[in-house]
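Visitor: Just dropping this structure here.
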Amino acid sequence: MFIIIPSLVTSVSLTALEPQNTTMHFVTEFVLLGFPGQREMQNFFFSFILVVYLLTLLGNGIIVCVVKWDKQLHTPMYIFLGNFAFLEIWYISSTVPNMLVNILSETKTISFTGCFLQFYFFFSLGTTECFFLSVMAYDRYLAICRPLHYPSIMTGKLCVVLVSVCWVSGFLCYPVPIVFISQLPFCGPNIIDHFVCDPGPLFALACIPDPSTELICYTFNSLIIFGPFLFILGSYTLVLRAVLCIPSGAGRTKAFSTCGSHLMVVSLFYGTLMVMYVSPKSGNPTGMQKIITLVYSAVTPLLNPLIYSLRNKDMKDALKKVLGLRTNQN
């Protein structure tokens, strides 16, 4: 398969610019190679990703609507779940539409600004997801470890504050790292062997290596990943200890089922995330990086509504009730 790569690098002499200590960018566009293979394989990837995208929008959209329409689900646990599902819609939409266009494109180009905008929204939404998973773990800790105090602690006001903090904090974390990376001199080549604008390939394209910026970004990624993860791990350690102290087997089963869905989502999301972004220069082959990225950016948002709805009796009952009401009204 041949890829038409236009001339995307301005013809400015580096030696003429060095005395001026300029930070001007020479690359105006990047080429995202995406998935390799012949046109038949490209068509397969396009069809598969499109189906995953549509099903993800449908599944998470249903959860958002059910939580909104059923007043019995207007509790902190389901408000967090509804916001999480809404987040997943935007999270997958930050990369997949451009990915689909890229598969069909002959040039496979993305503008310099578009690349870093995708970088910003993809990582900001991913960070917001980390924060939401932490808040949901805290909610489960209160419900199981401090059930008598739960209504007085997890009030509607605190719920709104926690939701707001997750959204705002997620979008305030990445402007500084992105500014640092965008100021690196990109003078060519401009080919990224990936389907998203990822920091690793961008660092590799910089004309002048900047180990300090790389160390700052990877340290920042590690803090964003490990901070919420350790909080979740601590919360569920306390939950597990409390569950094991429940005398009745039925009570333990109910407590485990309450936390099981959230633990499955945490395992899926963090398992792939840590492989990609925790250790600098981890040495993952390019093909493996693409597969891992595809899992946590597209497949995980598809599985989350299935996990939460199939394992949650209240959600299944609410879904049946809402669909039944809509059918009766029609």
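Every residue number used here counts from 1 along the chain in the order it is shown.
Using N, Cα and C of the backbone, Cβ positions are placed for all residues, glycine too.
In case it's useful when we look at the structure, here is the feature table from TrEMBL:
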type	residues	note
TRANSMEM	43-66	transmembrane segment
DOMAIN	59-308	domain 'G-protein coupled receptors family 1 profile'
TRANSMEM	78-96	transmembrane segment
TRANSMEM	116-138	transmembrane segment
TRANSMEM	158-180	transmembrane segment
TRANSMEM	223-244	transmembrane segment
TRANSMEM	256-279	transmembrane segment
TRANSMEM	291-310	transmembrane segment
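Please go over these features one by one and say how buried each is and what sits next to it.
Guide: If one looks beyond the transmembrane segment (43-66) by at least 6 residues along the same chain, the residues whose Cβ comes under 8 Å of a Cβ in the stretch are 34-35, 37, 73, 81-82, 85-86, 88-89, 92-93, 96-97, 99-100, 103-104, 298-299, 301-302, 304-306, 308-309, 315, 318-319, 322.
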Visitor: Tell me whether the transmembrane segment (78-96) sits in contact with the transmembrane segment (223-244), defined here as at least 3 Cβ pairs under 8 Å among residues 6 or more apart in sequence.
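Guide: Answer no, regions not in contact.
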Visitor: Six or more residues out from either end of the transmembrane segment (291-310), which same-chain residues have a Cβ under 8 Å from its Cβ atoms?
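Guide: For the transmembrane segment (291-310), the list is 49, 52-53, 55-56, 59-60, 62-63, 81, 84-85, 88-89, 91-92, 95-96, 122, 194-196, 198, 261, 264-265, 268-269, 272-273, 275-276, 284, 316, 319.
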